[in-house]
Amino acid sequence: MERLQKQPLTSPGSVSSSRDSSVPGSPSSIVAKMDNQVLGYKDLAAIPKDKAILDIERPDLMIYEPHFTYSLLEHVELPRSRECSLSPKSTSPPPSPEVWAESRTLGIISQASTPRTTGTPRTSLPHFHHPETTRPDSNIYKKPPIYKQRESVGGSPQSKHLIEDLIIESSKFPAAQPPDPNQPAKIETDYWPCPPSLAVVETEWRKRKASRKGAEEEEEEEDDDSEEEIKAIRERQKEELSKVTSNLGKMILKEEMEKSLPIRRKTRSLPDRTPFHTSLHSGTSKSSSLPSYGRTTLSRLQSTEFSPSGSEAGSPGLQNGEGQRGRMDRGNSLPCVLEQKIYPYEMLVVTNKGRTKLPPGVDRMRLERHLSAEDFSRVFAMSPEEFGKLALWKRNELKKKASLF
């Protein structure tokens, strides 16, 4: 009996919402009418969980159906209660708490007095979505991999070997696609990004040379024919002019004789203009038209520091700057054309006591070049060629010892 009193037995009813104007949709405004009883939001939440939710279309309209049957008297009153719940009065605001408590106790007593007939409980309908599983291959996560599908489809080891052969064949083509048979292969096109082959270049060069040779021979034959015609015409003119004995005729004959001289030379008589011949003959042809000091300057642009033994700087006959005209000083872009004057060693010595006044036109960085051969060998105990072969730091050390740095 206590269990029945704790569990409120309600008849099927409807849930309506009387929304307050101030707070629309608040939980306190949701009420339910069951057997002429008005239940609030908290009592709706206290309904046992074994009640089945049949249809949820709106959050404020829920229909509850109990698991037990009702008596004949309750079935007679059922349409009336539903009419009351669907009437416009059902949307009226909830009554006071006193009226609601009295009506609730009366309903509980009436439900307890009626005999309860137990019925078979019905399973509740699920209120969540189940995906369709009509087709077995609809779930992609349960499918085997593609290569296993092919194995299951083929089944035989021959199909497996065929697939492997296809994979190997497709790997030979770019992007695993065979080339279009209508288009030429990439290697057969004219475009080739790499340097040309020497064999191909040589064959093309021979073809061009043969074609040029044939064209030159044809031109020479035409020139020979035209020259013969011109000679014949001039001979006729000479014969006609030789008949004229006046001075005017002699002058015209002289002019024709001058014109008959070979003016142009054929291409075969010209020198070969290959890079090898040009490099060999260009130096002699250019230097022959220049004066002697110009030839020396242009032909010898290396310094005496890098010159081999036996150069002009070390020979006694080319002293006084004769052999040093063509020397190109380190750091200067132009060769030193002016003569290097020779001074005695005492005039070139630099002392630490005071700044020594050097002679005008002296290279302060290379004072040893203004020494004579005898003074150079006496100061440095070596020839200028040997001094030039030394390292820079070694030369500077020797010049410091000799007070020339």
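Placement of Cβ uses the backbone N, Cα and C atoms for every residue, glycine included.
Looking up SER29, SER81, SER113, SER246 in Swiss-Prot for phosphoserine, the annotated residue turns out to be SER113. The candidates are SER92, SER307; Swiss-Prot tags SER92 with the feature phosphoserine.
When SER87, SER315 are looked up in Swiss-Prot, the one carrying the note phosphoserine is SER315; the rest have no such note there, which does not rule it out for them. For the pair SER383 (phosphoserine) and SER226 (phosphoserine), the C-alpha distance works out to 70 angstrom. Counting only the Cα atoms, the space from SER226 (phosphoserine) to SER403 (phosphoserine) is about 81 angstrom. Long-range neighbours of SER403 (phosphoserine) (same chain, six or more residues apart, CB within less than 8 Å of its CB): VAL349, VAL350, THR351.
Per-class residue totals from DSSP over the compositional bias 'Basic and acidic residues' (229-242), listed helix then strand then coil: 14 helix, 0 strand, 0 coil. Neighbour counts of Cβ atoms within 10 Å were taken for the modified residues SER226, SER383; the minimum is at SER226.
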